[in-house]
(Lines of atoms letter the chains of each structure in order from A and count residues from 1; the text may use other names and numbers.)
(Lines give C-alpha, C1' and ligand atoms only; values in the text may rest on other atoms or scores of the structure.)
Protein backbone atom coordinates (compact mmCIF):
# COMPACT_ATOMS: atom_id res chain seq x y z
CA UNK A 1 0.00 0.00 0.00
CA UNK A 2 0.98 3.61 -0.16
CA UNK A 3 2.44 5.61 2.71
CA UNK A 4 3.01 9.35 2.89
CA UNK A 5 6.76 9.62 3.42
CA UNK A 6 9.26 12.41 3.94
CA UNK A 7 9.70 14.21 0.65
CA UNK A 8 11.07 17.41 -0.82
CA UNK A 9 11.17 20.64 1.16
CA UNK A 10 9.70 23.59 -0.68
CA UNK A 11 11.96 26.54 -1.44
CA UNK A 12 11.73 29.22 1.23
CA UNK A 13 10.10 26.89 3.73
CA UNK A 14 10.98 27.21 7.37
CA UNK A 15 12.57 24.59 9.63
CA UNK A 16 11.12 21.11 9.10
CA UNK A 17 12.11 19.48 12.42
CA UNK A 18 8.46 18.90 13.25
CA UNK A 19 7.97 17.11 9.96
CA UNK A 20 11.08 14.99 10.48
CA UNK A 21 9.86 14.07 13.95
CA UNK A 22 6.45 13.13 12.54
CA UNK A 23 7.91 10.73 10.00
CA UNK A 24 10.45 9.19 12.37
CA UNK A 25 8.28 8.70 15.44
CA UNK A 26 4.64 8.40 14.37
CA UNK A 27 2.97 5.22 13.09
CA UNK A 28 2.02 4.85 9.45
CA UNK A 29 -0.98 6.91 8.46
CA UNK A 30 -2.82 3.96 6.90
CA UNK A 31 -2.88 0.19 7.50
CA UNK A 32 -0.44 -2.10 5.72
CA UNK A 33 -3.14 -4.54 4.56
CA UNK A 34 -6.25 -4.38 2.43
CA UNK A 35 -9.59 -3.99 4.25
CA UNK A 36 -12.10 -5.82 2.07
CA UNK A 37 -15.38 -4.97 3.78
CA UNK A 38 -14.78 -1.39 4.90
CA UNK A 39 -18.01 0.67 5.20
CA UNK A 40 -18.39 3.62 2.84
CA UNK A 41 -18.18 6.14 5.67
CA UNK A 42 -14.82 4.72 6.73
CA UNK A 43 -13.47 5.01 3.19
CA UNK A 44 -14.65 8.63 3.11
CA UNK A 45 -12.86 9.23 6.40
CA UNK A 46 -9.64 7.77 5.01
CA UNK A 47 -9.82 10.00 1.94
CA UNK A 48 -10.33 13.07 4.10
CA UNK A 49 -7.52 12.05 6.48
CA UNK A 50 -5.17 11.54 3.55
CA UNK A 51 -5.87 15.01 2.18
CA UNK A 52 -5.49 16.60 5.62
CA UNK A 53 -2.10 14.92 6.15
CA UNK A 54 -0.96 16.07 2.71
CA UNK A 55 -2.04 19.68 3.26
CA UNK A 56 -0.48 19.83 6.72
CA UNK A 57 2.86 18.66 5.38
CA UNK A 58 2.80 21.14 2.51
CA UNK A 59 1.54 24.24 4.32
CA UNK A 60 2.79 23.70 7.89
CA UNK A 61 6.14 22.05 7.22
CA UNK A 62 6.94 23.00 3.64
CA UNK A 63 7.29 19.39 2.52
CA UNK A 64 5.67 17.66 -0.43
CA UNK A 65 5.48 14.06 0.79
CA UNK A 66 6.45 11.21 -1.48
CA UNK A 67 4.04 8.31 -1.86
CA UNK A 68 5.61 4.87 -1.50
CA UNK A 69 3.99 1.63 -2.65
CA UNK A 70 5.15 -1.87 -1.80
CA UNK A 71 3.84 -4.31 -4.36
CA UNK A 72 3.95 -8.10 -4.60
CA UNK A 73 4.64 -8.92 -8.25
CA UNK A 74 4.14 -12.64 -9.08
CA UNK A 75 6.93 -12.42 -11.68
CA UNK A 76 9.69 -10.71 -9.66
CA UNK A 77 8.58 -10.75 -6.03
CA UNK A 78 8.22 -7.73 -3.77
CA UNK A 79 9.07 -4.31 -5.13
CA UNK A 80 8.66 -0.72 -4.04
CA UNK A 81 7.32 2.11 -6.16
CA UNK A 82 7.56 5.77 -5.22
CA UNK A 83 5.40 8.55 -6.59
CA UNK A 84 7.13 11.95 -6.46
CA UNK A 85 5.68 15.34 -7.30
CA UNK A 86 9.13 16.94 -7.27
CA UNK A 87 11.87 14.90 -8.90
CA UNK A 88 13.91 14.23 -11.99
CA UNK A 89 11.27 12.17 -13.76
CA UNK A 90 8.40 14.27 -15.03
CA UNK A 91 6.25 11.21 -15.69
CA UNK A 92 6.38 10.37 -11.98
CA UNK A 93 4.89 13.76 -11.19
CA UNK A 94 1.95 12.99 -13.48
CA UNK A 95 1.36 9.64 -11.74
CA UNK A 96 1.44 11.45 -8.40
CA UNK A 97 -0.97 14.16 -9.51
CA UNK A 98 -3.47 11.73 -11.04
CA UNK A 99 -4.24 10.20 -7.65
CA UNK A 100 -5.96 13.29 -6.30
CA UNK A 101 -8.73 13.69 -8.94
CA UNK A 102 -9.55 10.02 -8.35
CA UNK A 103 -9.82 10.66 -4.61
CA UNK A 104 -12.10 13.62 -5.32
CA UNK A 105 -14.43 11.59 -7.55
CA UNK A 106 -14.44 8.67 -5.13
CA UNK A 107 -15.34 10.97 -2.23
CA UNK A 108 -18.21 12.38 -4.29
CA UNK A 109 -19.53 8.95 -5.34
CA UNK A 110 -19.39 7.52 -1.82
CA UNK A 111 -21.00 10.61 -0.31
CA UNK A 112 -23.89 10.32 -2.78
CA UNK A 113 -24.15 6.54 -2.34
CA UNK A 114 -23.74 5.84 -6.06
CA UNK A 115 -21.20 4.07 -8.27
CA UNK A 116 -19.59 4.87 -11.60
CA UNK A 117 -17.84 2.72 -14.16
CA UNK A 118 -14.19 3.23 -14.96
CA UNK A 119 -15.26 4.36 -18.43
CA UNK A 120 -17.49 7.05 -16.87
CA UNK A 121 -14.57 8.25 -14.76
CA UNK A 122 -12.29 8.42 -17.81
CA UNK A 123 -14.74 10.52 -19.81
CA UNK A 124 -15.10 12.84 -16.85
CA UNK A 125 -11.34 13.25 -16.43
CA UNK A 126 -10.13 13.22 -20.03
CA UNK A 127 -10.45 17.03 -20.23
CA UNK A 128 -7.55 17.24 -17.77
CA UNK A 129 -4.13 17.28 -19.44
CA UNK A 130 -2.73 14.69 -17.03
CA UNK A 131 -5.20 12.03 -18.22
CA UNK A 132 -4.61 10.98 -21.82
CA UNK A 133 -5.73 7.35 -21.85
CA UNK A 134 -8.00 4.87 -20.01
CA UNK A 135 -4.85 3.04 -18.88
CA UNK A 136 -3.73 6.10 -16.93
CA UNK A 137 -7.12 6.28 -15.22
CA UNK A 138 -6.90 2.59 -14.39
CA UNK A 139 -3.44 3.00 -12.83
CA UNK A 140 -4.53 6.05 -10.82
CA UNK A 141 -7.51 4.10 -9.44
CA UNK A 142 -5.19 1.28 -8.39
CA UNK A 143 -2.82 3.80 -6.79
CA UNK A 144 -5.60 5.52 -4.87
CA UNK A 145 -7.02 2.24 -3.59
CA UNK A 146 -3.59 1.03 -2.48
CA UNK A 147 -2.83 4.32 -0.74
CA UNK A 148 -6.04 4.07 1.28
CA UNK A 149 -5.61 0.37 2.00
CA UNK A 150 -8.96 -0.55 0.46
CA UNK A 151 -10.18 -2.61 -2.46
CA UNK A 152 -10.67 -0.93 -5.80
CA UNK A 153 -14.44 -1.39 -5.64
CA UNK A 154 -14.53 0.35 -2.24
CA UNK A 155 -13.83 3.60 -4.11
CA UNK A 156 -17.24 3.35 -5.77
CA UNK A 157 -15.65 2.73 -9.17
CA UNK A 158 -16.45 -0.48 -11.02
CA UNK A 159 -14.80 -2.01 -14.07
CA UNK A 160 -16.24 -4.15 -16.82
CA UNK A 161 -15.87 -7.85 -16.13
CA UNK A 162 -14.96 -10.41 -18.75
CA UNK A 163 -15.74 -13.27 -16.43
CA UNK A 164 -18.26 -16.11 -16.81
CA UNK A 165 -19.24 -18.91 -14.43
CA UNK A 166 -21.04 -22.20 -15.10
CA UNK A 167 -21.77 -25.40 -13.21
CA UNK A 168 -22.99 -26.78 -9.91
CA UNK A 169 -23.46 -23.43 -8.21
CA UNK A 170 -26.17 -20.97 -7.36
CA UNK A 171 -25.89 -17.63 -5.61
CA UNK A 172 -28.04 -14.69 -4.59
CA UNK A 173 -27.53 -11.12 -3.46
CA UNK A 174 -28.75 -11.42 0.13
CA UNK A 175 -31.29 -13.65 1.90
CA UNK A 176 -34.35 -12.05 0.27
CA UNK A 177 -33.12 -12.19 -3.33
CA UNK A 178 -33.87 -14.92 -5.85
CA UNK A 179 -31.27 -17.60 -6.53
CA UNK A 180 -29.27 -17.36 -9.77
CA UNK A 181 -28.64 -20.89 -11.02
CA UNK A 182 -25.34 -21.32 -12.87
CA UNK A 183 -26.18 -24.85 -14.05
CA UNK A 184 -28.72 -23.57 -16.59
CA UNK A 185 -26.25 -21.61 -18.71
CA UNK A 186 -23.02 -19.61 -18.29
CA UNK A 187 -23.59 -16.49 -16.20
CA UNK A 188 -21.69 -13.23 -16.54
CA UNK A 189 -19.76 -12.08 -13.48
CA UNK A 190 -20.62 -8.54 -12.42
CA UNK A 191 -17.98 -5.84 -12.72
CA UNK A 192 -19.00 -4.37 -9.36
CA UNK A 193 -16.87 -6.36 -6.94
CA UNK A 194 -18.47 -4.66 -3.93
CA UNK A 195 -21.57 -6.82 -4.18
CA UNK A 196 -19.60 -10.09 -3.93
CA UNK A 197 -19.23 -9.73 -0.16
CA UNK A 198 -23.05 -9.84 0.07
CA UNK A 199 -23.48 -12.90 -2.12
CA UNK A 200 -24.74 -16.13 -0.60
CA UNK A 201 -23.27 -19.17 -2.39
CA UNK A 202 -24.75 -22.66 -2.44
CA UNK A 203 -23.88 -25.83 -4.30
CA UNK A 204 -22.57 -29.36 -3.98
CA UNK A 205 -19.61 -28.96 -6.34
CA UNK A 206 -16.31 -30.49 -5.32
CA UNK A 207 -14.08 -28.63 -7.76
CA UNK A 208 -13.70 -25.17 -9.27
CA UNK A 209 -11.79 -25.19 -12.55
CA UNK A 210 -10.43 -21.87 -13.83
CA UNK A 211 -10.02 -21.88 -17.61
CA UNK A 212 -7.78 -19.37 -19.37
CA UNK A 213 -9.59 -19.33 -22.71
CA UNK A 214 -13.26 -18.78 -23.46
CA UNK A 215 -13.16 -21.24 -26.39
CA UNK A 216 -11.93 -24.03 -24.10
CA UNK A 217 -14.47 -22.98 -21.45
CA UNK A 218 -17.27 -23.30 -24.03
CA UNK A 219 -15.94 -26.70 -25.14
CA UNK A 220 -16.07 -27.98 -21.55
CA UNK A 221 -19.59 -26.58 -21.11
CA UNK A 222 -20.83 -28.26 -24.29
CA UNK A 223 -19.22 -31.59 -23.36
CA UNK A 224 -20.92 -31.72 -19.94
CA UNK A 225 -17.60 -31.56 -18.05
CA UNK A 226 -19.12 -29.71 -15.07
CA UNK A 227 -22.10 -32.07 -14.78
CA UNK A 228 -19.93 -35.18 -15.04
CA UNK A 229 -17.57 -34.11 -12.26
CA UNK A 230 -19.77 -31.88 -10.14
CA UNK A 231 -17.59 -28.88 -10.93
CA UNK A 232 -17.77 -25.13 -11.33
CA UNK A 233 -16.13 -23.61 -14.41
CA UNK A 234 -14.87 -20.01 -14.42
CA UNK A 235 -13.12 -18.02 -17.14
CA UNK A 236 -11.92 -14.44 -17.48
CA UNK A 237 -11.16 -14.93 -21.18
CA UNK A 238 -7.42 -14.39 -20.80
CA UNK A 239 -5.55 -12.39 -18.19
CA UNK A 240 -7.93 -12.23 -15.20
CA UNK A 241 -9.70 -8.97 -14.47
CA UNK A 242 -10.16 -7.76 -10.92
CA UNK A 243 -13.88 -8.59 -10.75
CA UNK A 244 -13.40 -12.24 -11.76
CA UNK A 245 -10.60 -12.64 -9.24
CA UNK A 246 -12.73 -11.04 -6.51
CA UNK A 247 -15.65 -13.35 -7.37
CA UNK A 248 -13.41 -16.42 -7.13
CA UNK A 249 -11.91 -15.20 -3.87
CA UNK A 250 -15.36 -14.80 -2.29
CA UNK A 251 -16.60 -18.10 -3.76
CA UNK A 252 -13.68 -20.11 -2.38
CA UNK A 253 -13.93 -18.38 0.97
CA UNK A 254 -17.66 -19.16 1.19
CA UNK A 255 -17.17 -22.78 0.03
CA UNK A 256 -13.74 -23.67 1.45
CA UNK A 257 -14.10 -27.36 0.54
CA UNK A 258 -13.73 -26.56 -3.17
CA UNK A 259 -10.57 -27.95 -4.73
CA UNK A 260 -9.12 -25.38 -7.12
CA UNK A 261 -7.53 -26.18 -10.49
CA UNK A 262 -6.35 -24.07 -13.44
CA UNK A 263 -6.29 -24.90 -17.16
CA UNK A 264 -3.92 -22.58 -19.02
CA UNK A 265 -1.69 -22.64 -22.09
CA UNK A 266 1.66 -24.43 -21.82
CA UNK A 267 3.66 -21.26 -22.33
CA UNK A 268 5.13 -18.48 -20.15
CA UNK A 269 2.05 -16.28 -20.54
CA UNK A 270 -0.18 -19.11 -19.37
CA UNK A 271 1.99 -19.58 -16.30
CA UNK A 272 1.82 -15.84 -15.63
CA UNK A 273 -1.99 -16.07 -15.68
CA UNK A 274 -1.81 -19.02 -13.29
CA UNK A 275 0.47 -17.00 -11.00
CA UNK A 276 -1.87 -14.00 -10.97
CA UNK A 277 -4.77 -16.21 -9.88
CA UNK A 278 -2.67 -18.05 -7.29
CA UNK A 279 -0.49 -15.28 -5.86
CA UNK A 280 -2.11 -12.02 -6.93
CA UNK A 281 -1.10 -9.29 -9.36
CA UNK A 282 1.49 -6.56 -8.97
CA UNK A 283 -1.23 -4.01 -8.24
CA UNK A 284 -3.10 -5.79 -5.48
CA UNK A 285 -0.71 -7.10 -2.83
CA UNK A 286 -2.03 -10.66 -3.09
CA UNK A 287 -5.31 -9.85 -1.35
CA UNK A 288 -7.33 -11.78 -3.97
CA UNK A 289 -4.96 -14.70 -4.15
CA UNK A 290 -5.96 -18.37 -4.28
CA UNK A 291 -3.07 -20.11 -2.49
CA UNK A 292 -4.74 -23.52 -2.87
CA UNK A 293 -4.86 -23.29 -6.67
CA UNK A 294 -3.19 -26.16 -8.56
CA UNK A 295 -2.09 -26.30 -12.19
CA UNK A 296 -4.02 -29.00 -14.03
CA UNK A 297 -3.23 -28.43 -17.71
CA UNK A 298 -1.59 -28.11 -20.11
CA UNK A 299 1.54 -29.87 -18.84
CA UNK A 300 4.74 -31.13 -20.47
CA UNK A 301 3.67 -34.78 -20.18
CA UNK A 302 0.44 -33.91 -22.00
CA UNK A 303 2.30 -32.05 -24.75
CA UNK A 304 4.58 -35.02 -25.47
CA UNK A 305 3.08 -36.79 -28.46
CA UNK A 306 1.44 -33.67 -29.87
CA UNK A 307 2.37 -33.25 -33.56
CA UNK A 308 5.16 -30.73 -34.13
CA UNK A 309 2.80 -28.76 -36.35
CA UNK A 310 0.59 -28.07 -33.32
CA UNK A 311 3.46 -26.76 -31.18
CA UNK A 312 4.72 -23.19 -31.15
CA UNK A 313 8.38 -22.29 -31.14
CA UNK A 314 11.12 -21.49 -30.83
CA UNK A 315 10.75 -19.43 -27.65
CA UNK A 316 11.15 -15.70 -28.17
CA UNK A 317 13.40 -13.44 -26.15
CA UNK A 318 10.31 -12.17 -24.35
CA UNK A 319 9.30 -15.76 -23.52
CA UNK A 320 12.72 -16.49 -22.01
CA UNK A 321 12.75 -13.24 -20.03
CA UNK A 322 9.29 -14.02 -18.65
CA UNK A 323 10.40 -17.53 -17.66
CA UNK A 324 13.33 -16.03 -15.74
CA UNK A 325 11.02 -13.58 -13.99
CA UNK A 326 8.52 -16.28 -13.06
CA UNK A 327 11.27 -18.52 -11.67
CA UNK A 328 12.51 -15.63 -9.52
CA UNK A 329 9.05 -14.83 -8.12
CA UNK A 330 6.60 -16.68 -5.87
CA UNK A 331 6.37 -19.61 -8.31
CA UNK A 332 9.95 -20.58 -7.47
CA UNK A 333 8.55 -22.36 -4.39
CA UNK A 334 6.54 -24.71 -6.64
CA UNK A 335 8.94 -27.37 -7.94
CA UNK A 336 6.37 -28.68 -10.41
CA UNK A 337 5.98 -25.28 -12.05
CA UNK A 338 9.74 -24.70 -12.16
CA UNK A 339 10.19 -28.12 -13.81
CA UNK A 340 7.59 -27.21 -16.43
CA UNK A 341 9.32 -23.90 -17.17
CA UNK A 342 12.62 -25.74 -17.51
CA UNK A 343 10.94 -28.20 -19.90
CA UNK A 344 9.83 -25.30 -22.11
CA UNK A 345 13.43 -24.08 -22.24
CA UNK A 346 14.77 -27.57 -22.94
CA UNK A 347 12.27 -28.24 -25.72
CA UNK A 348 12.47 -24.63 -26.93
CA UNK A 349 8.75 -24.86 -27.55
CA UNK A 350 5.36 -23.92 -26.18
CA UNK A 351 1.77 -24.98 -26.86
CA UNK A 352 -1.75 -23.70 -26.51
CA UNK A 353 -4.37 -25.78 -24.72
CA UNK A 354 -6.04 -26.52 -28.05
CA UNK A 355 -2.91 -28.36 -29.19
CA UNK A 356 -4.08 -31.24 -27.01
CA UNK A 357 -7.02 -31.68 -29.40
CA UNK A 358 -4.50 -32.97 -31.95
CA UNK A 359 -3.34 -35.66 -29.51
CA UNK A 360 -6.56 -36.98 -27.96
CA UNK A 361 -9.17 -35.63 -30.37
CA UNK A 362 -11.47 -32.71 -29.76
CA UNK A 363 -14.34 -35.03 -28.82
CA UNK A 364 -12.25 -36.79 -26.16
CA UNK A 365 -10.53 -33.72 -24.70
CA UNK A 366 -13.02 -33.16 -21.87
CA UNK A 367 -12.93 -36.82 -20.88
CA UNK A 368 -9.11 -36.82 -20.80
CA UNK A 369 -9.06 -33.62 -18.74
CA UNK A 370 -11.60 -35.07 -16.30
CA UNK A 371 -9.40 -38.14 -15.87
CA UNK A 372 -6.35 -35.97 -15.14
CA UNK A 373 -8.33 -33.89 -12.65
CA UNK A 374 -9.47 -36.95 -10.72
CA UNK A 375 -5.91 -38.29 -10.69
CA UNK A 376 -4.61 -34.96 -9.35
CA UNK A 377 -7.34 -34.79 -6.73
CA UNK A 378 -6.55 -38.36 -5.66
CA UNK A 379 -2.85 -37.57 -5.31
CA UNK A 380 -3.68 -34.56 -3.15
CA UNK A 381 -5.94 -36.70 -0.94
CA UNK A 382 -3.21 -39.34 -0.55
CA UNK A 383 -0.72 -36.63 0.47
CA UNK A 384 -3.11 -35.26 3.08
CA UNK A 385 -3.68 -38.74 4.52
CA UNK A 386 0.08 -39.36 4.70
CA UNK A 387 0.57 -36.08 6.58
CA UNK A 388 -2.08 -37.14 9.10
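In case you wondered, yes, glycine gets a Cβ from its N, Cα and C as well.
No curator has checked TrEMBL annotations; they are predicted automatically.
Feature annotations, courtesy of TrEMBL:
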| type | residues | note |
| --- | --- | --- |
| ACT_SITE | 123 | active site, O-(5'-phospho-DNA)-tyrosine intermediate |
| DOMAIN | 96-157 | domain 'Spo11/DNA topoisomerase VI subunit A N-terminal' |
| DOMAIN | 207-359 | domain 'Topoisomerase 6 subunit A/Spo11 TOPRIM' |
Residues near residue 123 (active site, O-(5'-phospho-DNA)-tyrosine intermediate) in space but at least six apart in sequence (CB under 8 A): none
Structural state census, the domain 'Spo11/DNA topoisomerase VI subunit A N-terminal' (96-157) (DSSP three-state): 44 helix, 4 strand, 14 coil
Mean predicted confidence [pLDDT] for the domain 'Spo11/DNA topoisomerase VI subunit A N-terminal' (96-157): 88
